[in-house]
Amino acid sequence: MKNQFNIYENYKVSDYNFDFMGEYILTNSKYFLNKKRVIWSYDNKEYVFAKELDNLSIDYLEKNLLSFTDFAMKNLVQVDENHMSTTITLFVSTNHIDKILKSKIPKIKKRKSYMLGLKGYSSLRIILFDKSTNEFIYNCDSKDVIHFYKEVLL
C-alpha cells in the first residue's frame, strides 16, 4: 500500500482522529505534440481512513463514523474540471461488533454525482473487521476491494 498511497499516521481532520489515512491520486492525460496541449485529462482519488477500536457499537458508528463520512463527502472531495471520481474508504478493525451492525453495514450506500455526473462522482466504502472471528462486514461499494483486505489481514 505504501508504494501507491501517501500514508499519514495519526491523522486528524476537523474533530475526527484516525490511526492513519492513505491518499491515492491517479491522473490520466492525453496530449497533442507536447504537454502544453492537453486533449483530455481526468483524476481518480481514493482516501482510506483506518481506525482500531476495542468495541464497535451502533451508537459509536452513528455519532462518530457516519458523521465523519458525511463530513468527508462534503469537504474532502475536490470537484474541478478534471475530477472523475473520489472514493472514501472507512476501515475499522475491532475486537467485537454489535449484531445489529452486521445487518446495517451492508445497507449503507452513499454516492453523490456532481453536475449530473459531468463533473464526476464520489462514493463511500465501509469495511469492518472483527478480529475475534476474522469476519469482514462491508457495504456494497466495497465488494470490488474486499479481496485485497482479506489477503492482507487473513
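Even glycines carry a Cβ here, placed using N, Cα and C.
Keep in mind it's a predicted model, so treat the numbers as computed, not measured.
If you look up TrEMBL, you'll see 2-150 marked as domain 'DUF8052'.
Residues of the domain 'DUF8052' (2-150) grouped by DSSP class, helix first, strand second and coil last, total 35 helix, 76 strand, 38 coil. For the domain 'DUF8052' (2-150), the model's pLDDT averages out at 91.
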